Amino acid sequence: MIGIITIPIGEFCAGLFLQLNLKELIVNLFPIIIFSLLLSIGLMKFPGILMKGFNIFGTFIIILSGIGILLVGSEVIFGVIFIKELTPFSEGMAVVGKIAFILGGAYPMLTFLSKIFKNSFDKLGKILEINSISVAGLIGNLASNLLIFSTFKDMDTKGKVICSAFAVSGAFVFGGQLGFAAGVCPKSVGAFMISKFISGILSICIANVTFTLIK
């Protein structure tokens, strides 16, 4: 949830990068800012209730995704169209293809960076006071947050908090979401990366401070 709180800041910086009208930018971000503020208050005052609410919401999203797959599948396999406004399957697969190509290069790139900057990453772990598995999770998040779940059990407690926060706002900056942005609107790639990096770095900082205060 800490990762969600930092998203409006990253979006604001991305809007400035795109030279959007400041007034329109603030007006469009206003609902997200209010939501983030309410989320911050809820996280401090009612963390248990908030977590239950998000678990229910997550279940709803999974069910909704399943329904979407059924609708598209029925159209592709049987030719039965339930919703005419759905994006054509061919367009969706073209975007998925770009995502696959980007992920195919993202993982080797991250492996290469991990070896080249191993000493720097070790120093980062000491600064944040997290173990090496957690640092690897942070780096892996840049391609996909799915990478951290396989090693989640081996992370220390603080590493789990920081990686989870970064997984929300900073993940996929070199992965699937980058592929989606490049496929749908190539001009937005720069703003996308700026938004992700700023939101992700802030989420790490806030998670670090929050863990220290609670501890």
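A Cβ is built for glycine as well, from the same backbone N, Cα and C atoms used for every other residue.
Listed features, source TrEMBL:
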TRANSMEM  25-44  transmembrane segment
TRANSMEM  56-83  transmembrane segment
TRANSMEM  95-113  transmembrane segment
TRANSMEM  133-152  transmembrane segment
TRANSMEM  164-185  transmembrane segment
TRANSMEM  197-214  transmembrane segment
Between the transmembrane segment (164-185) and the stretches 56-83, 95-113, 133-152, the largest tally of CB pairs under 8 Å belongs to 95-113
Positions whose Cβ lies under 8 angstroms from the transmembrane segment (25-44), at least six residues beyond its ends:
1-2, 4-8, 11-12, 15-16, 50
